[in-house]
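Marked as domain 'STAS' by TrEMBL: 522-645. For 171-193, 205-232, 252-268, 280-302, 373-396, 408-430, 436-455, 467-494, the entry in TrEMBL reads transmembrane segment.
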Amino acid sequence: MNLNSIKVEYNACDDKDDNGASSSSGGVHKVCMPPHRTTFQKLKQRLSEIFFPDDPLHRFKNQTGLRKFVLGLQFFFPVFEWGPKYNLSLLRSDIIAGITIASLSIPQGISYAKLANLPPIIGLYSSFVPPLIYSLLGSSRHLAVGPVSIASLVMGTMLSQAVQYSKEPTLYLQLAFTSTLFAGLLQAAMGFFRLGFIIDFLSKATLLGFMAGAAVIVSLQQLKGLLGIVHFTNKMQIVPVLTSVFTHKDEWSWKTFVMGVCFLVFLLTTRQISARNPKLFWISAASPLVSVILSTVIAYSIKSHTHAIQTIGHLPKGINPPSVNLLHFGGPHLALALKVGIITGILALTEGIAVGRTFAAMQNYQVDGNKEMIALGLMNVVGSCASCFVTTGSFSRSAVSYNAGGKTVVSNIVMAATVLITLLFLMPLFHYTPNLILAAIIITAVIGLIDYQAAFRLWKVDKLDCVACLSSFFGVLFISVPIGLAIAVGISVFKILLHVTRPNTNVLGYIPSTRSFQSISRYSTAVRIPSFLIIAVEAPFYFANSTYLQERTLRWIREEEERIKANNEPPIKCVIIDMTAVTAIDTSGIDTICELRRLLEKRSLKLVLANPVGNVMEKLFNSNSLEAFGLDGLYLTVSEAVDDISSSWKPEKPEP
């Protein structure tokens, strides 16, 4: 192969100074230094990229004072942005959507309150106040707000391990409302300080396994309602739950079971119909309320013949009573309330933002994640003072709102108004609603969280992600909900550390008829360059991986020398490290590169760096490390390095 054939002409940087911003000599393009910036400028840019990647203040530039004031109102209160454009056509669509999601949110609110081991009325309170707050502050047009299964499950599980509502109802309510306050404060603080990247540590694989495990546990817990069991375990592990089911066989009620299974089949069937034909979404949306009405009528009709079917009982009429006096900031359970608030707050935040972004993408508009955090946080802070527990955006209700033609957050206001009417006038109608129908609604809602197809995809794409998913799943099933989640997060963090501490390195070869150097293990057409070993590093050069990268580079050299010896090829003269993917470097990385250069120099091998990025180049220059490499130790590309270095070698004289 003719090495000169791979030479590429480059437009040289303008000559500036000896240190180097740029120069050109002999057709070789010198690597340019980045423009000079002060430490303050670097810190400012770095913090801006971390906390303000979307540049939220860009629309305030070059605006008058009055316009900035109006934009500020729209920024903090999105209602001022869409409000002036609102019309009767949008109102008609939102009324239909609001009434539709209310028919779903009323039975779900009651059911999810039971899931959190709270009085059913708390679920309706939580479907009234939070949607009103969100409608003023939220930036998503389609997010339907209310209680959700995951947050309800986690709250009920964690609180019940320390306090039983049946034994200490006041203390349980205090902890539930205090946890909601802490969740809201956390969410609002994360939005205010723009810390949304923290929730990214809850990977999709982690949440997939967590939700599937939680769905199984929740479904098994509902056997209490479906079988009519009175005495049931408060634990949330699969073994105690199944043990409790079969230990209390004498409490099983066949009437309750038959009725519950019939409604469960009905709910699952309507769900399947709507899934196969999205135009029939209203069937699935209306089925929970229809089930509640039918089951209540049936239970009322047979109440004189049997008392085997357990019902909700009395629900008080009226709007949310204040609960500020129930907030609990002392005593031995404060740490528990804080822990529950943090976990449920992060889970609710993750679900709410994910749902909001999903529907925003479908309608081609943007949702500001940090503004959403503030809106959801303030919603929960206010809710904790109005007898509400943790709420967020619900995927099922948001999907119903979207399919029903909802256009703006006014649909949340209509839903809240419908719930208000229910609270004021319709509470006595729920007296004979059987517990079995709440169990059936909960099972129908959470069974959709089991996505086995996504788990199969994880196994095919990323085995470590699949391990995280399974660890979360089995941790929730056999240990506990928070520990199962912690295990999965730990595995996800371990995966990140593994990629950082053990980055990929590859030996590169030249692909004929191109200007490209690619991995020889990936491309069969890649050709090794005689006397060169070209190594690509695909990660930042940090203290955590610097020792590994040095050892791995020396191993590549040893393996290449063994291959050369076996094939009787020319020995290695130069090692080129392609630093295209080395996005950052620290002092440990610089020391490692210098040490590696000295080790290779003792073995009569030349070390060359190709294409270091701007900040890497700057740190190498400031550390005076470039002096040891000399003028021919740094190149813009691998191809230029190979061409220039090989042309400087004197041809070996043939032996006589």
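Every residue gets a Cβ built from N, Cα and C, even glycine.
Only residues 6 or more beyond the boundaries of the transmembrane segment (467-494), in the same chain, are considered here, and those with a CB under 8 A from a CB of the stretch are 153-154, 157-158, 161, 201-203, 205-210, 212-214, 216-217, 236-239, 339, 343, 455, 458. Here the transmembrane segment (280-302) has long-range neighbours at 100-101, 103-104, 106-108, 259, 263, 266-267, 270-271, 273-274, 309, 311, 399-400, 403-404, 429-430, 432-434, 436-437, 440-441, 444, meaning same-chain residues at least 6 beyond its ends whose C-beta is under 8 angstroms from one of its own. If one looks beyond the transmembrane segment (171-193) by at least 6 residues along the same chain, the residues whose Cβ comes under 8 Å of a Cβ in the stretch are 51, 116-118, 122, 155, 159, 163-165, 199, 323, 326-329, 333-334, 336-338, 340-342, 344-346, 348-349, 369-385, 387-390.
The domain 'STAS' (522-645): residue composition by secondary structure is 59 helix, 21 strand, 44 coil, according to DSSP. Counted as Cβ pairs under 8 Å, contacts with the transmembrane segment (205-232) are highest for 436-455 among 252-268, 408-430, 436-455. Nonlocal intrachain contacts for the transmembrane segment (436-455), taken as residues 6+ away from its ends with a CB within less than 8 angstroms of a stretch CB, comprise 107-108, 110-112, 114-115, 120, 149-150, 153, 208-209, 211-212, 214-216, 218-219, 222-226, 228, 256, 259-260, 263-264, 267-268, 271, 288, 291-292, 295-296, 309-310, 312, 396, 466, 469-470. Averaged across the domain 'STAS' (522-645), pLDDT in this predicted model comes to 90.
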